[in-house]
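Worksheet for the structure shown next.
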């Protein structure tokens with residue numbers, strides 16, 4: 001790899017030439033972010049940007065943050081990351097799975113910069129990964145959904161059949177069934193993170209199937225608008241979507257990256273940062289259950305909050321056996337819990353879900 | 001069991017935005033102009049409509065504003081292609097870029113707020129769905145039965161001949177482009193006001209490009225546009241509906257189908273034209289050609 | 001009142017002056033827009049147009065211009081041939097995607113075998129894939145008279161769906177934790193398309209783009225084919241008398257531009273992009289149409305236009321970083337640039353005369 005060595009040399013020279021000296025005492029820590037969508041997407045990127053703002057608020061003039069939004073995955077991401085590195089950012093957050101290989105490449109070229117990649121699985125000395133245990137939150141809203149449905153049909157609007165989304169479907173279903181043994185789960189995949197018209201159609205398709213409570217793993221409010229029209233119930237996703245409360249939005253599952261970002265930036269400031277894989281959930285405040293509205297009876301709300309507390313304290317794992325796979329084969333023995341490795345490659349439904357897994 | 005009537009009701013809602021946009025583009029193309037900026041005009045309508053509906057509390061005023069915004073954006077295209085004789089393909093692409101960018105810039109204050117609820121109409125379908133359905137016979141009547149429509153078609157079929165007959169080619173085309181813009185604006189606003197009830201940048205997510213496909217599928221006939229909007233909307237609705245019912249669906253392959261069908265239809269009508277049996281619909285003769293009167 | 005009088009040939013002065021005028025007009029209008037949005041107009045314009053070339057980190061961004069401009073130039077140089085002849089391939093995006101898929105298919109089939117022939121075979125597959133995708137509208141036009149504008153556009157959507165299907169199905173990386181997307185070809189030496197000379201941004205795609213420019217320049221100005229293309233575009237009836245066979249020209253132009261777009265896709269998937277993903281087609285095929293027009297369908301113009309377009313992308317990122325300008329400014333900018341260019345273009349094609 002001759003190329004890499006020369007690139008390393010030249011990159012270092014560039015940093016020097018660009019009159020951006022290394023971080024000295026009392027100097028600001030510059031932190032860069034690249035986003036896959038626009039900050040105004042009201043969902044995934046919006047939440048990451050809120051966390052960036054929280055970092056600025058927490059550390060005031062000790063830090064300086066910048067971001068590049070709507071960065072396509074692939075070559076453009078690598079360039080955007082390098083630009084951030086060359087602009088003197090000493091810590092860079094890459095906030096989409098699709099930035100993984102680009103972040104790995106750029107992290108190799110800039111060993112002095114701390115990289116953080118969301119939802120990926122490749123790490124190195126200066127590249128950490130972080131993710132949120134959304135399935136913990138899904139367990140809570142699944143419980144609410146199981147209690148609130150009158151038709152015993154709950155729905156799930158999936159984005160892409162990737163492990164994170166499949167974990168959510170399984171978790172929601174397991175906990176809905178726990179409180180309501182007659183419940184059925186209907187799943188619709190829209191193959192997009194954000195396509196309002198299609199998400200609305202997906203919600204309508206679920207409603208036509210008899211679903212009266214549904215969850216979504218896509219970013220727009222279109223499904224909630226449909227729910228409102230049809231008089232069924234739903235949950236906010238990624239952001240709180242509070243403008244649809246108290247009905248149809250009866251609660252929400254919010255991505256809250258602020259605690260993690262604040263913690264990691266703090267470690268970078270005091271020199272204790274090191275590369276690791278973080279997968280935090282409700283307990284760390286990374287997955288937040290939004291206000292459960294008055295449309296939900298008090299005892300259901302209490303039940304959901306009790307489950308939330310048990311998950312938060314670590315007393316209970318949402319994937320605890322006995323659990324079987326969709327095909328009836330054994331997955332987890334009584335009392336056993338799923339390992340993180342298993343979950344991060346999850347590609348099957350649990351027993352009881354009748355929807356086919358897309359191939 | 002899947003209730004066909006329920007699916008049809010879903011389809012009507014899904015088809016409305018693309019129906020509006022495609023009917024508008026149909027009239028534009030019948031006048032001999034190819035405007036690839038439908039997506040840009042739709043997103044313009046989506047923002048203007050949402051902002052006005054939010055500010056006034058009236059969805060109806062929102063749609064009026066959306067039509068005006070769509071038409072206003074289309075006038076950039078009209079000025080360039082009709083007066084400055086620019087290439088229509090490139091100008092349309094630029095309009096799409098421009099519309100998407102401009103709305104993202106100016107839409108920031110409207111993020112996170114909610115639109116007023118839509119007015120319900122007969123059979124639980126909102127008034128815009130009905131208006132879209134009524135627009136089909138209206139456009140058909142205008143094109144096929146009115147004198148103005150005859151002139152518009154003549155202009156699109158052969159602008160030199162139309163000019164020779166004393167018809168104002170440029171004025172007709174500008175009017176058609178404005179109508180196309182207004183209709184695209186309405187279609188876009190349907191997404192923001194009736195479907196999502198919120199504004200988010202890029203929310204039309206390619207609907208404008210589907211509208212372009214529908215016009216071709218329709219063989220430049222308004223009833224064909226209705227069929228096309230139902231086919232394109234229908235495939236989406238049906239595959240989602242089948243998924244909800246627990247049927248394994250090859251989503252990507254299925255969503256390719258309407259585009260392949262469009263190519264087949266296009267080939268069929270072109271062949272019929274070429275080999276002498278002319279049919280009801282046909283590619284407008286002057287489509288995409290700039291017109292410049294020498295006299 | 002004024003009237004327009006067509007020019008027999010476009011004067012060189014106007015050919016060169018109008019793009020410059022368009023850029024200046026875009027800067028002025030853009031500056032006013034930035035000022036209206038509360039940003040410093042001078043700093044904004046400087047960050048977008050000056051800093052990527054001469055700013056503090058330009059040592060990195062200058063080569064990146066080539067990376068970004070390479071595929072645009074490669075595609076646009078092919079499109080320009082057809083556009084000159086009045087043959088409208090607007091489906092380059094689809095040909096780009098199919099070329100990438102075909103090339104990647106060869107690599108993935110050979111994985112993890114290491115052999116010298118793999119990369120050349122991928123190049124052939126990419127070109128053939130793009131060519132075949134371009135030949136569909138060509139044949140449908142020749143056999144049935146179907147509009148190549150519309151067929152090639154429809155085929156873009158089909159290609160996008162195929163890319164999604166590939167990313168989720170046949171080409172999914174078996175070691176990718178069930179995430180969509182193929183193996184990363186950057187990590188497969190026999191199939192990768194790396195930077196050839198460190199820190200230049202130049203990979204095989206850039207070389208192909210330069211070769212394409214030289215070849216199309218030669219064809220257009222020195223070869224009988226160029227004469228035929230120009231005649232067919234300017235005077236289709238006269239061209240028939242001159243012995244031009246339009247069917248051949250259609251097949252040639254669409255096939256060739258398809259092959260070049262396919263090559264661009266192949267070099268991109270083996271190089272900077274690395275893998276086939278659901279969103280692999282990121283709009284190069286459409287942006288190349290803009291580049292072709294911005295460059296007035298001339299090889300030298302296309303070179304400059306491709307670089308200018310790349311500049312607005314990279315400068316746009318810098319402006320986000322340095323000044324917090326929203327990403328959408330780039331789209332607005334590109335839209336305006338094209339509007340102005342297309343508008344001013346009339347000066348090259350027509351003489352403006354005062355009506356007597």
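Keep in mind that glycine also has a Cβ here, set from the backbone N, Cα and C atoms.
Quick look at what TrEMBL lists:
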- C:12-37: transmembrane segment (TRANSMEM)
- C:65-83: transmembrane segment (TRANSMEM)
- C:95-111: transmembrane segment (TRANSMEM)
- C:117-140: transmembrane segment (TRANSMEM)
- C:149-168: transmembrane segment (TRANSMEM)
- C:202-220: transmembrane segment (TRANSMEM)
- C:249-267: transmembrane segment (TRANSMEM)
- C:279-295: transmembrane segment (TRANSMEM)
- C:302-323: transmembrane segment (TRANSMEM)
- C:329-347: transmembrane segment (TRANSMEM)
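Nonlocal intrachain contacts for the transmembrane segment (C:279-295), taken as residues 6+ away from its ends with a CB within less than 8 angstroms of a stretch CB, comprise 19, 71-73, 75-77, 79-80, 83, 90-97, 100, 156, 159-160, 163, 167, 261, 264, 268-269, 273, 301-306, 308-309, 334, 337-338, 341-342. Same-chain residues lying 6+ beyond the ends of the transmembrane segment (C:117-140) with a Cβ under 8 Å from its Cβ atoms: 89, 91, 94-96, 98-107, 110, 146, 148, 151-152, 155, 159, 190-193, 204, 250-251, 253-263, 265-267, 270. As a quick check, the transmembrane segment (C:329-347) and the transmembrane segment (C:12-37) clear the bar of 3 or more Cβ pairs under 8 A, pairs 6 or more apart, so the two touch. Tallying C-beta pairs under 8 angstroms between the transmembrane segment (C:149-168) and each of C:65-83, C:95-111, C:202-220, C:302-323 places C:95-111 first. If you look at the transmembrane segment (C:65-83), the same-chain residues 6 or more away from its ends with a CB under 8 A from one of its CBs are 52-53, 89, 92, 96, 200-203, 205-206, 208-209, 212-213, 216, 219-220, 229, 233, 253-254, 256-261, 263-265, 267-268, 272, 284-285, 287-289, 291-293, 295, 297-299, 302-303, 305-307, 309-311, 313-314.
Sequence-distant neighbours of the transmembrane segment (C:249-267) (same chain, 6+ residues past either end, Cβ-Cβ under 8 Å): 70-71, 74-75, 77-79, 81-82, 85, 87, 89, 92-93, 95-104, 122-123, 125-135, 137-139, 141-142, 148, 152, 193, 203-205, 208-209, 212, 225, 228-229, 232, 284-285, 288. Same-chain residues lying 6 or more positions outside the transmembrane segment (C:302-323) and placing a CB less than 8 Å from one of its CB atoms are 19, 23, 39-40, 43-44, 47-49, 51-53, 55, 61, 64-70, 72-73, 76-77, 80, 209, 213, 287, 290-292, 294-295, 329-330, 333-334, 337.
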